[in-house]
Amino acid sequence: MQAARVDYIAPWWVVWLHSVPHVGLRLQPVNSTFSPGDESYQESLLFLGLVAAVCLGLNLIFLVAYLVCACHCRRDDAVQTKQHHSCCITWTAVVAGLICCAAVGVGFYGNSETNDGAYQLMYSLDDANHTFSGIDALVSGTTQKMKVDLEQHLARLSEIFAARGDYLQTLKFIQQMAGSVVVQLSGLPVWREVTMELTKLSDQTGYVEYYRWLSYLLLFILDLVICLIACLGLAKRSKCLLASMLCCGALSLLLSWASLAADGSAAVATSDFCVAPDTFILNVTEGQISTEVTRYYLYCSQSGSSPFQQTLTTFQRALTTMQIQVAGLLQFAVPLFSTAEEDLLAIQLLLNSSESSLHQLTAMVDCRGLHKDYLDALAGICYDGLQGLLYLGLFSFLAALAFSTMICAGPRAWKHFTTRNRDYDDIDDDDPFNPQAWRMAAHSPPRGQLHSFCSYSSGLGSQTSLQPPAQTISNAPVSEYMNQAMLFGRNPRYENVPLIGRASPPPTYSPSMRATYLSVADEHLRHYGNQFPA
């Protein structure tokens, strides 16, 4: 069984975290031995949380300084173009989003590991509680049989064997053996208080773990939602989404540093326990259970003897002696006193049941079962649980870094959106290729019919009247296209023949549109040339 004890070895991260300096609030060194009830030890853990709070303050100071510089300092456009500015914002957002997604992935893994470790601890505590409760039940049940049930049968047999002194001596001897068994069983430790403490610890662990797991899950969802808002804000160039991202990012930044403080303090405290768990358990159970019994279960050494060996051996010998005496009475006394058979058979059945309880008790008080539960609990705390806390701490740090980057990129994106809107405002509204003019024309009614080619054949006889009147510059190109469409097809619709009235192609004139435009123009020239010859 010595090999089972070697199975637990404090991992390297436990030693590394335990080596973190423990300093009190007065900046004095504190003993790193795990003692949660000690006020100085509690101050050392609180000091670690204050270190994270100081880091949060420095982070906020840096962000405020950067935001002030970004809002009041003007950048030279000759040195860095707008296109480069937009590209820089995009890549900053991409990097921040990737860091945030990586942080959430690490956080999910750490949250799952911590949850597994906590539930493994709870299962081990429940198994140990089941063993302790079984020991107490067997001891109390056997004591009840020896003190009450056996006494009743012996009292009736004493009345039956009143005329035989030798049989009365045998009954008295059986009664002495039963008293010896009761005395030996009373020497076994009572685990009732230990069971209550372990049950309370298991319930508290489950309660805290449930809300811890749920809180981190909500924090992961919040971080992903903030990343989504940031992507939508940059894609739609929405200042409202950008402002929401900045506010939520600041909140998540505070939560990230707070979770880092909690994870760091919890990880250091757990490592202090995992370095020497036996010492802490011996100190806690010193007033409830003997040190010999505690060491027997903690170390379970094959070379050491069980503290219950003498008690169990005496119990077994007493049962064997009583069974021999009862068998002798059944053989010699029943032929003379037939009324004693029922009580003797009942005593024999009671002794057989007590022997079965003895075997169960021997198996339960053996150190191997409880020592396995102890090792499983240590594995849940010091391996899965502590690893999960480290991953959660890494998540908190990466999330703080990602949201700090997002907050830094926010003012630059805001200024870029403002500059882009200002550039749109500087464009001439009469420009037919202005995107704003196209949007305004699509939502406004037509401004009136323009002169079409039909108005040029109005019946004036002079040759000069055949020339089309000068086309006025219109700031509603959509209406002009619709009027020309009504001329040729009677239905107002958009055509692929732009700017017919102006007789000039747009700058982005495709070959197909050019061919269509030239064919229509030639047809119109031939038509009007035949009707109005020079």
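Using the three backbone atoms N, Cα and C, a Cβ is placed for every residue, glycine included.
The Ca(2+) binding site annotation in Swiss-Prot covers Glu113, Asp116 and is backed by similarity to another entry. When secondary structure is read from DSSP and collapsed to three states, Asp116 (Ca(2+) binding site) falls in the helix class. Sequence-distant neighbours of Asp116 (Ca(2+) binding site) (same chain, 6+ apart, CB under 8 A from its CB) are Gly380, Asp384, Gly388.
Summarising the annotation, Swiss-Prot assigns phosphothreonine to Thr199. Sequence-distant contacts (6 or more apart, same chain, Cβ under 8 Å) of Thr199 (phosphothreonine) comprise Leu125, Asn129.
Among the features that Swiss-Prot reports, phosphoserine is placed at Ser504.
Annotated motif 'PY-motif' per Swiss-Prot: 506-509, in sequence order, evidence recorded as experimental evidence.
Residues annotated as transmembrane segment in Swiss-Prot, with sequence analysis given as evidence: 45-65 (among others).
Per Swiss-Prot, the feature transmembrane segment maps to 88-108 (among others).
Residues or ranges marked as transmembrane segment in Swiss-Prot (evidence: sequence analysis): 214-234 (among others).
Panel annotation: around the transmembrane segment (241-261), residues 48-53, 55-56, 59, 216, 219, 222-223, 225-226, 229-230, 232-234, 392-393, 395-397, 399-400, 403-404, 406-407, 410, 413-414, 417 of the same chain, lying at least six beyond its termini, place a Cβ under 8 Å from a Cβ of the stretch. The feature transmembrane segment is assigned by Swiss-Prot to 241-261 (among others), with sequence analysis given as support.
What Swiss-Prot records for 389-409 (among others) is transmembrane segment. Counting same-chain residues at least six beyond the ends of the transmembrane segment (389-409), those with a Cβ under 8 angstroms from any Cβ of the stretch are 13, 59, 62-63, 66-67, 70, 89, 92-93, 95-97, 99-100, 102-104, 106-107, 109-111, 113-114, 216, 223, 226, 230, 245-246, 249-250, 252-253, 256-257, 259-260, 263-264, 266-267, 270.
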- Integer average pLDDT (0 to 100) for the motif 'PY-motif' (506-509): 52
- Spatial neighbours of Glu113 (Ca(2+) binding site) that are distant in sequence (at least 6 apart) but have CB under 8 A: Asp384, Gly385, Gln387, Gly388, Tyr391
